[in-house]
Every structure is written in C-alpha cells, then in structure tokens.
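Enquirer: From TrEMBL, for reference:
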BINDING   S18, R58, H59, T198  phosphate binding site
BINDING   M197, D221, L222, D223  substrate binding site
DOMAIN    11-255  domain 'Nucleoside phosphorylase'
SITE      S179  site 'Important for substrate specificity'
SITE      H234  site 'Important for substrate specificity'
Amino acid sequence: MVNQVNPAGAEIGVIGGSGFYSFLDDVTEVQVDTPYGSPSDSLFLGEVAGRRVAFLPRHGRGHHLPPHRINYRANLWALRSVGVRQVLAPCAVGGLRPEYGPGTLLVPDQLVDRTKSRVGTFFDGLPLPDGAVPNVVHVSLADPYCPVGREVALAAARGRDWEPVDGGTLTVIEGPRFSTRAESLWYRAQGWSVVGMTGHPEAALARELELCYTSLALVTDLDAGAETGEGVSHEEVLQVFAANVDRMRGVLFDAVAALPPGGTRDCLCTKALGGMDPGFELP
Ligand SMILES: [Zn+2]
C-alpha cells in the first residue's frame with residue numbers, strides 16, 4: 001500500500017550506505033509501503049541535472065539497521081514502485097589488498113555471496129498479500145552489475161580526478177562483525193578485492209526486478225588480512241566515509257546526469273526475466 005507518492009516519481013535510485021544518509025537538499029519525503037513491509041526509511045525524491053532521483057539511506061537515518069536486518073526486498077520494490085529503473089549503490093568496504101587503501105573507489109564487476117541468513121529472492125513461491133504467487137524463476141547473475149552503469153560511474157569518478165579501480169570482486173559477508181584474519185586472508189587468496197556487508201542480496205534483487213544496478217565501493221579500511229594492526233573499527237569506517245562523502249556525492253551527481261534517459265535502456269538488466277512470467281506484477 002502506498003501512503004503517498006509524489007506524482008513526479010523518480011527514474012534513478014541512489015541507495016546511500018554507511019556514513020551517507022542524505023543526498024539532495026531540496027527533497028520531497030515519501031513513505032512507501034511494499035508487500036514485503038517497509039523499506040529502510042522514507043524515499044527522498046529530488047532532482048539532479050533534470051533527472052528525477054529517489055534517495056534511500058540503506059541503514060535508515062541515524063544508521064539503526066545492521067546489514068543483516070535490512071529489508072532489501074522492500075527497498076528495491078519501493079524504489080521500482082516510484083518509477084526507478086537504474087540504481088546507483090555506494091557502499092563502504094574493506095580492502096583485501098594493501099594497494100586498496102582507505103579512499104580507494106572500486107567499481108566491482110563481480111560479487112561473491114558469503115551471507116547466511118537473508119532472503120535473497122522475490123521468487124520464493126510464497127503468495128503476496130494480493131494473492132499473486134511468484135513463479136519459479138532463475139535469473140542470470142553471471143554479470144551482477146549493469147555494464148552501462150559501471151562505465152558511467154567510472155567516467156564520473158575520473159571526471160572528478162578520482163581514479164577508480166575498474167572491476168574486482170566484492171565479497172559480501174553476513175556481518176555485523178568484521179572478518180577474522182583467517183577469513184580475510186582466504187578471501188584475498190581467492191583473488192577477491194574488497195569486503196562489504198550489503199552488496200548481496202541487493203544486486204540479485206535488483207536484477208530480479210530488471211533494474212540496472214551499479215555498486216560504487218568506497219574502501220574505508222584495510223580488512224584484517226591486509227593490515228597488521230588491531231583490525232577494523234566501525235568508527236574508522238564512518239570517519240573515512242565522512243571524509244569522502246562530498247567526493248562520492250559529486251561522482252553520483254555526475255553519474256546520475258550521464259545515465260541513459262528513461263526508456264532507452266538496452267542492457268542485459270532489462271532482459272533479466274527474458275519474457276518469463278514472474279507470477280506477479282512488477283511494481
Ligand atoms: Zn543495466
């Protein structure tokens with residue numbers, strides 16, 4: 001049930017991560033309910049370069065939701081229900097290699113799911129409140145991120161003199177604790193690049209709704225296996241994110257402006273369901 005929707009809606013969604021709780025100054029706050037419950041917070045609708053944007057703080061204002069308690073399905077559903085088709089998703093991550101120090105921006109092209117307790121699909125066979133029953137649908141996640149969104153994000157970062165790491169694997173752990181040193185060394189030995197706690201199931205759920213999804217991973221610390229000190233602290237993560245949040249906002253502004261206009265998307269994300277009947281109406 002939608003309590004109140006701005007008729008102008010939005011075409012681009014930004015999901016703000018740790019340390020990133022607001023995006024635009026001039027916003028309309030909209031509360032959206034979904035068949036899966038409430039999203040992390042209100043949606044904040046505004047405009048960047050003539051493009052309608054919906055911002056959603058992933059952990060809620062004030063960061064009250066730990067990664068494993070986030071209602072990822074409600075978040076993606078809510079964004080799509082106001083018209084969003086392309087999502088930019090900044091997140092805080094730990095670097096698995098010494099060269100990926102704090103302040104590194106990595107635009108991953110792969111992810112590994114190491115989470116344990118999250119609902120990762122809309123196609124769970126359980127009826128929705130309106131009685132619709134999702135069909136059994138298996139989408140491809142071989143390439144989990146939007147290729148167009150990735151190029152846009154990379155160009156936006158370069159345009160702000162922030163040379164990004166182009167590609168790499170985002171390892172998503174359950175959290176909320178950080179990795180042990182052995183876990184971190186193992187991730188690194190697999191050739192994975194960074195560690196976060198929210199990239200899954202966010203990317204998979206976006207794909208199931210045929211949304212374009214692009215992750216912008218800001219390294220806030222070196223993960224336990226890549227540093228020699230005491231390990232990561234939450235304060236450290238927030239401090240580094242705060243120091244980089246204006247830079248990240250600038251990159252996102254430019255990326256929003258450069259994303260393909262609504263209706264012109266032609267990437268793999270738009271064909272995720274390949275004509276399969278999901279058994280319910282996409283919002
Ligand atoms: Zn796409």
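Every residue, even glycine, has its Cβ placed from backbone N, Cα and C.
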Enquirer: Taking DSSP three-state, what's H59 (phosphate binding site) in: helix, strand or coil?
Expert: coil
Enquirer: Helix, strand or coil: which one is S179 (site 'Important for substrate specificity') in, per DSSP?
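Expert: Looking at the DSSP assignment, S179 (site 'Important for substrate specificity') belongs to neither helix nor strand, so coil.
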Enquirer: Mean pLDDT for the domain 'Nucleoside phosphorylase' (11-255), as a whole number?
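Expert: Computed over the domain 'Nucleoside phosphorylase' (11-255), the mean pLDDT is 93 on the 0 to 100 scale.
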Enquirer: List the other residues in this chain whose Cβ sits within 8 Å of the Cβ centroid of the phosphate site residues S18, R58, H59, T198, in sequence order.
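Expert: Other same-chain residues with Cβ inside the cutoff are I15, G16, G17, S40, P57, H63, L65, P67, I70, C91, A92, M197.
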Enquirer: Measure from the CA atom of L222 (substrate binding site) to the CA atom of R58 (phosphate binding site) and give the result in Å, rounded to a whole number.
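Expert: Taking the Cα atoms only, R58 (phosphate binding site) lies 22 Å from L222 (substrate binding site).
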Enquirer: Tell me whether M197 (substrate binding site) sits in a helix, a strand or coil according to DSSP.
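Expert: DSSP call for M197 (substrate binding site): coil, neither helix nor strand.
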Enquirer: Considering the binding-site residues R58, H59, which residue's Cβ sits among the greatest number of other Cβ atoms within 10 Å?
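Expert: It comes out as R58.
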Enquirer: Three-state secondary structure of D223 (substrate binding site) from DSSP?
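Expert: DSSP call for D223 (substrate binding site): coil, neither helix nor strand.
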Enquirer: Please identify, among the recorded positions H59, S179, H234, the one with the smallest Cα-Cα distance to D223 (substrate binding site).
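Expert: Minimum Cα distance from D223 (substrate binding site) across H59, S179, H234 lands on S179.
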Enquirer: Have a look at the binding-site residues (D221, D223) and report the one with the fewest Cβ neighbours inside 10 Å.
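Expert: Selected from the binding-site residues D221, D223 on minimum Cβ neighbours within 10 Å: D221.
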Enquirer: Let me know the DSSP-derived helix, strand or coil state of S18 (phosphate binding site), please.
Expert: coil
Enquirer: Among S18, R58, H59, T198, recorded phosphate binders, what is the largest CA to CA distance in Å?
Expert: 10
